[in-house]
Structures are given as structure tokens and as C-alpha cells.
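Trainee: Reproduced below are the annotations present in TrEMBL:
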COILED    229-289  coiled coil
TRANSMEM  20-38  transmembrane segment
TRANSMEM  59-87  transmembrane segment
TRANSMEM  107-130  transmembrane segment
TRANSMEM  150-171  transmembrane segment
TRANSMEM  191-212  transmembrane segment
TRANSMEM  292-321  transmembrane segment
TRANSMEM  341-372  transmembrane segment
TRANSMEM  384-404  transmembrane segment
TRANSMEM  424-447  transmembrane segment
Amino acid sequence: MEEDDVTIREQNFHSQVREYIICFLLFAVLYIVSYCIISRYKRKSDDQEDEDAIVNRISMYLCTFTLAVSGGAVLLLPFSIISYEILLSLPKNYYIQWLNGSLIHGLWNLVSLFSNLCLFVLMPFAYFFLESEGFAGSKKGIKSRVLETFVMLFLLGLLILGIVWVASALIDNDAASMESLYDLWEFYLPYLYSCISLMGGLLLLMCTPVGLSRMFTVMGQLLVKPTILEDLDEQIYCIQLQEEALERRLNGTNSSFHGNSQLHLYKELDNIRNQRNKLERRKKASAWEKNLLYPIVMLILLAGTAISVLLVALNIVYLLVDETALPKGSTERDLGNASLSTFGVAQAVIEIVLMFYLLVSSVVGFYSLRIFQELTPRKDDTTMTTIIGCCVSILVLSSALPVMSRTLGITRFDLLGDFGRFNWLGNFYIVLSYNLLFAVVTTLCLVRKFTSAVREELLKALGLDKLNLSNSTTDAESGKHAVNGHQKTL
């Protein structure tokens, strides 16, 4: 019996060590990728050997850690679904014995823990540390800035504690719920993270429909559109004439223009050159790229959006018929007992593709909203303050992505760890309203997107186009060139 106990303890020890090594390797890969991404956008002028450079470097490492955690949150559901299907297909395979329920649950718990750590400790520390200068009268240096940062973190923690306490008293005025907040680790932090997750879900609800409609415009800018009834040579010729005219005005009469006028002319010249480059790219593109790739990509985007809306509509029907369709947490350690997908591996692949598609759409929609456009990163010209804001926003979006995917019925995989302990997931009216709002808003955004050209023509026919009644993206492009390339500015 003693030898059996020793053998079991050794197996558990080796299993835990193996899980720690796998988690470390996965996080190391995510950290390296995140570091490369942030280094690509970080402003190079910040690289100086002084006190501010040390502060910037520390903040950059914290932002890299946060972005890596965001990547882990994004990969949670896809990795779990793939593992589930592999264990279901190959239950006795020796080479995948390391892939078990303990590893999956450990990953969910670690991502939840690190998400709380980044959201409530590391990112506020990075921001306050970056903005700190030390207390008045104290000796300048790193120590004084660290002291000021910890004092600000303490005050921020007290403020958040008070806000959550008041919110809990207003929502659920119960002695048991109030006393549960005294337990900081088991109740307070999960409750606070549940509130943040609800805010992230609402942010995804606002960004994803906008991003789904915006994706068609973005892909249209990246790909070469088909050339139908257009004379590209004539358009390029007209653009070159306009470019030469502007260059003559800038070179010949510099003394007669004020600074603002010259700046306006330079901006107009840059826009014309960009138009010429786009037209030349369209001219040099191959026939398959113009006539085949663009329609295929647009059809894929349309199919992905239609499938997403269809799954949400089916989930609404399930919610109305069966209350067990509500998202819930799971504590089962054994995986691979039964398939969660009706059509097996094919449906699992479609679910994973749709989750990544919704993530990309939410990020595109986030940076398309006017209130968040200032956070748009620029290559080699993004300040650390902007990078911190981007990392916090991406962390909130990515942490809410598994919850949104399960709430909308994109997947039937139950949430694991602390992700399944959110209080609002069991509220039928919140979940049903979330599904209805997503379906309605996404449909309205798509209808507005695809009917924008018709609305433009109707406004022009009625003579109302000068009243700026339409805010579609075609307004910004309407002044680039005429149908045949002729422009009256010459």
C-alpha cells in the first residue's frame, strides 16, 4: 500500500511539473510575439539612456505581459475545443496523455488570475509609474517615483473598493452578500472581475456589429477591386496632371502663400500621390487577383457574418424554449466523454473560425469608433501611454470573448474556472437581451452598409446631397475622382 501511495504521489508530481512546463512554454511564445508587436509600434525616440528610459522599459515589459495574457484569453476556447475533439477521437493514444482536463482547467485558472493581476495591478502601476515625478520636496529618482506610484495604487484600490461596495449595496442589499465582500480573494475579486466582464461584454456588443460591417471596407482597401467600365490609364493621366499642377504651384509661388496654405497644398499633394499609387497598383494587379480573389474574400466575409447571425438567432430560440441553454460554468475534470458539436470536427473548426472572426471584427470596430480613434497605434510613433490604453482595451475585449461566444451560442463549450462564476450569466433577461441586441444591431449595420450606395443616389436625385445627411464611408471617397477620371480642379 505504501509503495502504491508513493507511486501515485510521484505521478501527481510529474503531472504537475509537466503542466507547469507546458504553461510556461505557451506563455513564453505569447510573450515573444507580444514583445515583437509592441516593439513595432513603440515610438523610437523614447529609447534614451536616462531615468525616463528605465521607466519606459519597465512599462513596456508590463504591457508585453498584459498583451500576452490577452492572447492567452483569446486562445482559451479554441485550445479547449481542439483538445476536446482530439481526446474524443484518440482517447487511448500514448502521445497525447499530457492533454487532459487538469491542464485545460489550469490554463483557464491561470488566465483568469493573470487577467485580474494585469487589470487591477500591473496596468495601473505602469500608467502611474509612467506619469509619476516623485513627491514634492523628495529626492528625484526611481525610488521616489515608485513610492508615489504605490501610494496612488493604494488610493485607487480604496476608491474601487468603495465603488463596488456601494454598487453591491444598491443592487443586492443583503447581509450575506455584504459580508461576502470581506473575503477579498474568494468573493470580492471575482465579483469585481464579473463587473469588468459585463462591461467588456457590453463593449464587444458595441464594437463587434460595427466591425462586422467595417470589415468589408477594410478588405476592400487591402485588396484590388475588379475593373468594370473603368479606364485606369485615363484616371492615372488626370491624376498626374493634377500632381504636376500642384508641384508647380508649390515650387513657383512659395513666397505668395502663408504657412497654412502651404500645409494644405502639401496635404492635398500627398492625397493625390496616394490615389495615383492605388490606381497604379490596380493596373499592375493580375487578372485572378482582381476578378477572383476580391469576390471570394467578400463572399467569405458575408458567409461568416450570416452564419454568426444565424447561430445567434438559433440561440435565441433555444433560450426561449429551454432554460438550460443559459451559459454556465463547468467543474468537470474529465474531457472527451461526449462530443459537444452536432457535426463533430467540422462544426468545431467552424466555431473556432467564427470566434477569431468576431475577435478581429471587434478590434476593427473598436478602433473605428470615434471615442477610441485616438488609441489607434501607429508604426514607430506610439507613446507608452497610448500603448497602455491599447493593452487594457485589448485585455478587456479578449477576456470577454469566451463569455460572449458562449452567451451568443457560437459554441456550446461550457466556461471553465472563474469565467463560469460570473453572476450575470445566470440571468435569463440579461442573456436574452444581449442576444437580441447583437442580432438586431448587426443586421442594421449590414443593411446600412449595403444600402449606402442606394441612399447616396437617392439623396443626389432629390438634391439633398449637400445637406450631409449621409455619413457613409463613400462620402470621404466621393471627391477622389470622377467616374471617367476627369476632375474640374485643373
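Glycine too: its Cβ is placed from the backbone N, Cα and C atoms.
Please treat TrEMBL annotations as automatic predictions, because they have not gone through curation.
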Trainee: How about the transmembrane segment (107-130) and the transmembrane segment (341-372): at least 3 CB pairs under 8 Å, pairs 6 or more apart in sequence, or not?
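Mentor: With fewer than 3 qualifying Cβ pairs, these stretches do not touch.
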Trainee: Count the CB pairs under 8 A between the transmembrane segment (384-404) and each of 20-38, 191-212, 341-372, then give me the winner.
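Mentor: Per the Cβ count, the answer is 191-212.
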Trainee: Which of 20-38, 59-87, 341-372, 424-447 has the most Cβ pairs closer than 8 Å to the transmembrane segment (292-321)?
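Mentor: Most Cβ pairs under 8 Å with the transmembrane segment (292-321) come from 424-447.
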Trainee: Where among 20-38, 59-87, 191-212, 341-372 do we find the most Cβ pairs under 8 Å to the transmembrane segment (424-447)?
Mentor: 191-212
Trainee: Flag the pair the transmembrane segment (341-372) / the transmembrane segment (59-87) as in contact if three or more Cβ pairs fall under 8 Å (sequence separation 6 or more).
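Mentor: In this chain the transmembrane segment (341-372) contacts the transmembrane segment (59-87) - 3 or more Cβ pairs sit under 8 Å.
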